[in-house]
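These come from TrEMBL:
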type	residues	note
DOMAIN	A:33-347	domain 'Aminoacyl-transfer RNA synthetases class-II family profile'
BINDING	A:ASP88, A:LEU89, A:THR90, A:ARG118, A:GLN132, A:ASP136, A:ARG282, A:TYR286, A:TYR287	L-histidine binding site
There are 2 protein chains.
Amino acid sequence: MSDQRLVRPAPISGFPEWLPEVRMVEQRWLDRIRDVFERYGFCSVETPSVEVLDVLMSKGDTSNEVYTLHRVQNDGGASEARLGMHFDLTVPFARYVAQHFNSLTFPFKRYQIQRVWRGERPQEGRFREFTQCDIDVINVDQIPRHFDAELPRIIHEILTELELPAWTININNRKVLQGFYEGLGISDPLAVIRIADKIDKIGADGVAGLLTSELSLEPRQVSACLDLAQIRGTDASVVDEIRKLGVTSPLLDEGLDELSFVMDELSDLPSGSVVADLSIARGLDYYTGTVYEGKFVDWPNYGSICSGGRYEDLAGSFIRRNLPGIGMSIGLTRIFAKLVAEGIVKPGPSSPSQVLVAVPDETRYALARATAAQLRSRGINTELYHQADKLSKQMRYASRKGIQYVWFPPFDEEGIHEVKDMATGDQAPADPAAWGKSINPA
Amino acid sequence: MSDQRLVRPAPISGFPEWLPEVRMVEQRWLDRIRDVFERYGFCSVETPSVEVLDVLMSKGDTSNEVYTLHRVQNDGGASEARLGMHFDLTVPFARYVAQHFNSLTFPFKRYQIQRVWRGERPQEGRFREFTQCDIDVINVDQIPRHFDAELPRIIHEILTELELPAWTININNRKVLQGFYEGLGISDPLAVIRIADKIDKIGADGVAGLLTSELSLEPRQVSACLDLAQIRGTDASVVDEIRKLGVTSPLLDEGLDELSFVMDELSDLPSGSVVADLSIARGLDYYTGTVYEGKFVDWPNYGSICSGGRYEDLAGSFIRRNLPGIGMSIGLTRIFAKLVAEGIVKPGPSSPSQVLVAVPDETRYALARATAAQLRSRGINTELYHQADKLSKQMRYASRKGIQYVWFPPFDEEGIHEVKDMATGDQAPADPAAWGKSINPA
């Protein structure tokens, strides 16, 4: 032990870290998410953690959240000062598609599961380092509407497989909003969208006030906007409700057509899990059609657990091609951390081992090692205890690590192996060449 | 398309990025590595990408490689200026063990597969962002020698499963070196180790020169040091060769005992894959016993592909407990990038889909979608073509993405499904409830 002054290790605010038994669950989640993405034919892409600042800033609005990289002792090279950590996976993906345009097959369908970094003030549901799970489709000139329905179906399948507490995926269409506002004779529909998006935070009265004071809308316009924002429904019948408001415009027709297509396509999903909600707008200006926002039912103010939408021109800063896209993102860390904090995520075992092969004494070490190797070769995760020791100590080690089976090798190759099930206490003879067919796969 | 000035996307030196068909192979590698680590009972740990600088600097010697994080517009909070990106996974692991000491079961066996960052000048085999795959065992007061042999066995299994071109894992023991130099009457054995470690770069004559000029060793001492460094062997017989040099010391005896234990334990591995090599020292001062260094046989100067060793007190900066450990690390990016550059890694398909369900016309879309869902529910990765289109176009899409089977749904539910194998050109009737039992798993 050194006599030097200790550096006390402590958590860093906004940078989550898990014990092994919790990480085990997170890893299982990540595996499931990846499985579903691949089941639908999305390929994996990873990009560097950094982009040059010009790329990160090409969308303009997040500059003070970006972390930039510097050397402790800068050697005079200025190049690194231009690097920033990515704050989402959409901008890096747009850059990736533009850069590798000639090597990709379109429509290009990728998933990307990576950490992102934001220099925000940490608070519940907001981290400085967190893992996002994104899928996007990007194509030349047009995105078939098939994807407007397939993406929420994929995310639905994932959220279902993860057995999360009650949630909904809310769906809207920016063309419906914009077309409706245009039909009302409003000259700046985007300004209305930006204000209407705050309805969660400031309520209908707050929105009405801003529409009047900031945009000088007439009472009839304000009232129609609020009527629209209050429409919610679990199927395409919301379209009739919207039409009943008596507003028309070509863009509105287009949006309603798209919205009813999506709701119809998803009508086989459990009722209430996908909801058309005309109040959601997704603040980001680049969405142009279908938009998505998932929420926990019991924690409506916790923030979205997934979100996304259709955009016309995300790579336009990087390449002179028309590359529209559609994407959704699961906020893995936000969801996972909440469910850990609520005690809903139950920690797994702290070891992936299914079997601990005991070493009762030094003479049986070689046979124990051979037995462990044999079990491993049969696909069973097997730990060999690291030295001859009291059996009670070895069994306690297995219990603490959540290893279900302890294996006792015989004294010689002719002897009989035995296995103890730590869950039931049963101990029985076992053949290392055949045992374990009924245990759960690793 | 926007008219704004384009930000030309370009690779960032030292930050590798792969096309989907290459990423597919990297992902398969990562899966295999993880499988083997878990097969031996190591649990997964991930730590934040950052540590406070005091933690990163506690080993002192890498300060100018550390990237620190800053905000584009600092809001006056000074706390973030103290964060640096981790440059390896050993220091974060030591901090993790100290911080969570009371929640872990010892010996604590973890693997950690993460990116690390070093502000180095990029060159062949050296990256600024790269993925390391580490396993370590850490324990209170003592590490059983069982692990000195188990760790290289695990890495051996991985390198074998990855089917790398010829490699060796070289093994040495710092006690042998230090004990031998002590037995020669050398007062500062660590200084000799530091110089002897350069034999790869400056040759035996260069080492002899430095031992004479810098350490004032006598010719007999220099000659014995060089004799030792030239000993290599594939089994425990190297111990006899070392003894023949006629040097003795208690520490040397201890080291030789450990070295022969490791070589004996690994004697079942293919001859020549694990080599006792008395010239390797691993420059880092914290190693105290067995050390490892893996190399490609055909590219001896490319740098190590894996490395590690035993250390007595890595967490000593963070906790007043005696926590020795032993670890090995695979330089995944270094290996992978080399084999991609050499054309040895063959790209996989650019899609994980096994089947593309075609949509020959709009009327068959619903049945195509249902068929795709049925195949997915049976564990087959299945892409649904995104719109009705010419079949030649849909088949070309499948070919380009490396999707082996194209599925043609019938006109109605009573009709006959057909599947085309794009590799052979064969087309045959198929039942979506039963087809595909013989295709490779996803």
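Note that Cβ sites are derived from N, Cα and C of the backbone, with glycine treated the same way.
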Collapsed DSSP category at A:GLN132 (L-histidine binding site): strand
Annotated L-histidine contacts A:ASP88, A:LEU89, A:THR90, A:ARG118, A:GLN132, A:ASP136, A:ARG282, A:TYR286, A:TYR287, maximal Cα-Cα distance (Å, integer): 21
Around the Cβ of A:TYR287 (L-histidine binding site), the count of other Cβ atoms that are within 10 Å: 22
Secondary structure of A:TYR287 (L-histidine binding site) (DSSP, helix/strand/coil): strand
Conformational class of A:THR90 (L-histidine binding site) under the three-state DSSP mapping: helix
Other CB atoms, at most 10 A from the CB of A:GLN132 (L-histidine binding site): 21
Which same-chain residues, if any, lie at least 6 apart from A:THR90 (L-histidine binding site) yet have Cβ under 8 Å of it: A:ASP134, A:ASP136, A:LEU314, A:GLY327, A:SER329
